[in-house]
Amino acid sequence: MEKKRVYTFGNGQAEGKADMRNLLGGKGANLAEMNLIGVPVPPGFTITTEVCNEYFEKGKEAVVALLKDDVEKSIKGVEALMKSKFGDVENPLLVSVRSGARASMPGMMDTILNLGLNDEVVEGLARKTNNPRFAWDSYRRFVQMYGDVVLGMKPVNKEDIDPFEAIIEEVKKAKGVRLDNELDVDDLKTLVVRFKEAVKKQTGQEFPSCAYEQLWGAICAVFDSWMNERAILYRKMEGIPAEWGTAVNVQAMVFGNMGETSATGVCFSRDAATGEDLFNGEYLINAQGEDVVAGIRTPQQITKIGSQRWAELQGISEAERVAKYPSMEEAMPEIYKELDELQTKLENHYHDMQDMEFTVQEGKLWFLQTRNGKRTGAAMVRIAMEMLHQGMIDEKTALMRCEPNKLDELLHPVFDKEELGRARVLTRGLPASPGAACGRIVFFAEDAAEWHTNGHRVVLVRIETSPEDLAGMQAAEGILTARGGMTSHAAVVARGMGKCCVSGAGAINVDYKTRTVEIDGVVLKEGDYISINGTNGYVYAGEIPTQPAKLSGNFAELMELCDKYARLKVRTNADTPRNAQDARGFGAVGIGLCRTEHMFFDDEKIVAMREMILAKDVEGRKKALDKLLPYQKADFKEIFKTMDGLPVNVRLLDPPLHEFVPHDLKGQEEMAQAMGVTVDYIRQRVESLCEHNPMLGHRGCRLGNTYPEITEMQTRAILGAACELKKEGYDPHPEIMVPLIGILYEFEAQEKVIRETAAKLFKEEGVEIPFKVGTMIEVPRAALTADRIASHAEYFSFGTNDLTQMTFGYSRDDIASFLPVYLEKKILKVDPFQVLDQNGVGQLIEMAVAKGRSVRPELKCGICGEHGGEPMSVKFCHKVGLDYVSCSPFRVPIARLAAAQAVIEESL
Ligand code: PEP
Ligand code: MG
């Protein structure tokens, strides 16, 4: 059988239906469905998304030939229903031609309205409607839209304005009027003539007057718009494949601009910003669709309550509101009643919040579109939970309705939406740590801390950050770096702090000397305001006010519902009691990674830490470690207390050593004095610690194995803190984790130190604390030999940052130099440091879990790399049977939701 390419709808009948959105696009499928459930829709037809692919394979002529019979037959069907004729002078049928992809791509593709008009038909329309102004206004809009979309009438130079707008401006100027609607019929006629002349001049073509020629031009232009730059960009951002194609919807025009009994509007079955269950929207009497969004006239509210709220915000009195801006409920009560009934019908039918477009033509209501409405994170949660309570959807549907990453909006401050619209975008980097931050630029961590103390909000702008910047990062509202990927120092630390960060913004040129940053020709100096959005990576000039995040009761309830379904537990990566507290508040059931090197950053501790690293020999190191012990113990005590009753997985020291030592003369002098040695000695030690590949150098368990006294001190600090707490009545659950092992013996040697130290300590303390010793699996060799390792290690935690680094051979710190090109060229689909590479790194994880459990069936396995909070990666972790994921505090709710969805998806 010949492939069906055209699906008709109208008068309560349709060849398509809602579940055919892949073939008919979202709009086409819903137009069909609306017909089937009795919602009035102007008749028309949909050309399928498959034809779009044929169009790009076979070309224009071939596809027009394939469609010709079906399209002409379908137009005849529409003519019969509308009792008018396409191209007829006395009783013309006009149509709209619109795109409609499988996924909504608002505003990305082209639309043509009022198609079918020409110099004769316009006169007929004027006579038929007895409204020449309407007829000529429709005609000039059509010539303008068609000229732009189909005939490619764009500005010649990029500085020029739209050629049609330029003509409108000239005509208005000559007449001495300001607004389009001050133009009369003769002016509109002049516009049409001049528009056509401009088309002829610029394109060399006559404006087509044959209705069918216009139609084919428009259909092909809509297909072409699938490949326009903005559509391609949008698809890239949203991950929509080019093969999906767009459908084309051709539909009888209905007019909202035929006088005072006509209107047009947009409405939502619930509030898309807050989620409140309140029908709302905007409309305009005697207007066409684009007038509602064009901002020339102030649209009015649909409901009375919406109108009253709007007037209050605008400072408009009730009397003025009723006189000038009455709601549709008040101005057209009967139509309003029908609209309200139909919107309820649509929401009940689709079981989701609807975003609808309608037109009233001379007292008759028509729906032009319905779709599931886009919404904020807050609205997403509220709508899902309220629909669940209202019995409209079940628990699983409520959970699947919520997009894990969107929960983020509920947790961090956000930019004020209106202000954002006015802000200037400077550049875009990696969305390293979500949230919105705005403050004065500082370039140095000390300045950040100082300015903060003096009451300024600051954004720390750096080429890259290092552990020495931590206090400054803490003091800053947000961090912007020129270099570094999603697991760079700045990104990991910022996420841990729940602090907004944009990293790897390659277009920014930081000049520390002049204390300026140049971005795309704009030079900003220290103290200037800058705003950054860590959720999407945008960097803005100036100050954009933020709004604090609000957590609602629905959100907590959603989280409880997640726990009812999820198998995977969610822990957190936390190095401070504050982090641990935040994460526990978000429902973390333990700490999956406490990076102990992050605990040494305040002034006193860093000196002792440096002393330890720079020490000449074991004696010197032990002396420094004795100083560090009480600090560590005190910190662990606080963390264990915060996580009382829950497991806390503490990782032994894993720092690239050179990052911790002073590289400047002043710092070296200070250390020389503190240690009673010469500056020369310090300098030489610092130099000797420099490595060509620090990420592959003297770090992880290599440090503990070369300097076992460090492991000994840390074990004493961890278990000593636990002993003290136990005596105070707390219930600590310590786990000690050995990082970066590749061979079993690396683990065994460390385990021996830990267990011997523990035995001694417990004897001294007179208490015994049950604890586990496990390891990170972050070197490919460890994954390959996981069965051997599990014969000793009591648990595994996959360090997917390093495992990704070493599996791909991409340096975590340097990936920003080539990643953008790799993504651009589609060599990589996503940043593997953000989204777990399931085929490669994932295979190592799956294999290591299986091998480990083959010798130790009860082996607990978790993940603590940055992927632990990324929804797709979390779902993968569920699939391969991990016990938990661990992520930064602000990602805990996201992981909880993804974990629940993983279970539900299994049963779909
Ligand atoms: C990892 O490598 O995934 C990990 C969690 O450790 P770090 O990021 O501290 O190297
Ligand atoms: Mg690691």
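Just so you know, glycine gets a Cβ as well, placed from its N, Cα and C.
In TrEMBL, annotation is done automatically, which means it is predicted and not curated.
Annotation source TrEMBL lists domain 'Pyruvate phosphate dikinase AMP/ATP-binding' at 22-390. Residues or ranges marked as domain 'PEP-utilising enzyme mobile' by TrEMBL: 457-537. Annotation source TrEMBL lists active site, tele-phosphohistidine intermediate at H489. The annotation domain 'PEP-utilising enzyme C-terminal' is assigned in TrEMBL to 552-902. Residues or ranges marked as substrate binding site in TrEMBL: R595, R651, E778, G799, T800, N801, D802. Annotation comment: TrEMBL describes E778, D802 as Mg(2+) binding site. Marked as active site, proton donor by TrEMBL: C864.
TrEMBL feature annotations superimposed on the structure.
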{"residue": "R595", "record": "substrate binding site", "contacts (Cβ under 8 Å, 6+ apart)": "N573, D575, R651, D654"}
{"residue": "E778", "record": "substrate binding site", "contacts (Cβ under 8 Å, 6+ apart)": "P739, L740, F798, G799, T800, N801, D802, L803, M806, G865"}
{"residue": "C864", "record": "active site, proton donor", "contacts (Cβ under 8 Å, 6+ apart)": "N573, G592, L593, N649, M776, S797, F798, G799, T800, S886"}
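Every protein chain shown contributes to the tally, and the Cβ of T800 (substrate binding site) ends up with 30 other Cβ atoms within 10 Å. In the structure shown, the C-beta of G799 has more C-beta neighbours within 10 angstroms than that of any other entry among the binding-site residues G799, N801. Each residue in L593, D654, P739, L740, M776, S797, F798, L803, C864, G865 lies on the same chain as R595, R651, E778, G799, T800, N801, D802 and has a C-beta within 8 Å of the C-beta centroid of that substrate site, without being one of the site residues.
Taking every pair among R595, R651, E778, G799, T800, N801, D802, the residues listed as contacting substrate, the largest Cα to Cα separation comes to 15 Å. Under DSSP, T800 (substrate binding site) is assigned to a helix (H, G or I) in the three-state scheme. A Cβ distance below 6 Å to any atom of ligand 2 is met by none of the recorded positions H489, R595, R651, T800, C864. By a simple count of nearby Cβ atoms, those within 10 Å, the most crowded of the recorded positions H489, R651 is R651. Helix first, then strand, then coil: DSSP counts for the domain 'PEP-utilising enzyme mobile' (457-537) stand at 18 helix, 30 strand, 33 coil. Mean pLDDT across the domain 'Pyruvate phosphate dikinase AMP/ATP-binding' (22-390) comes to 90 in this model. Around the Cβ of D802 (substrate binding site), the number of neighbouring Cβ atoms within 10 Å comes to 25.
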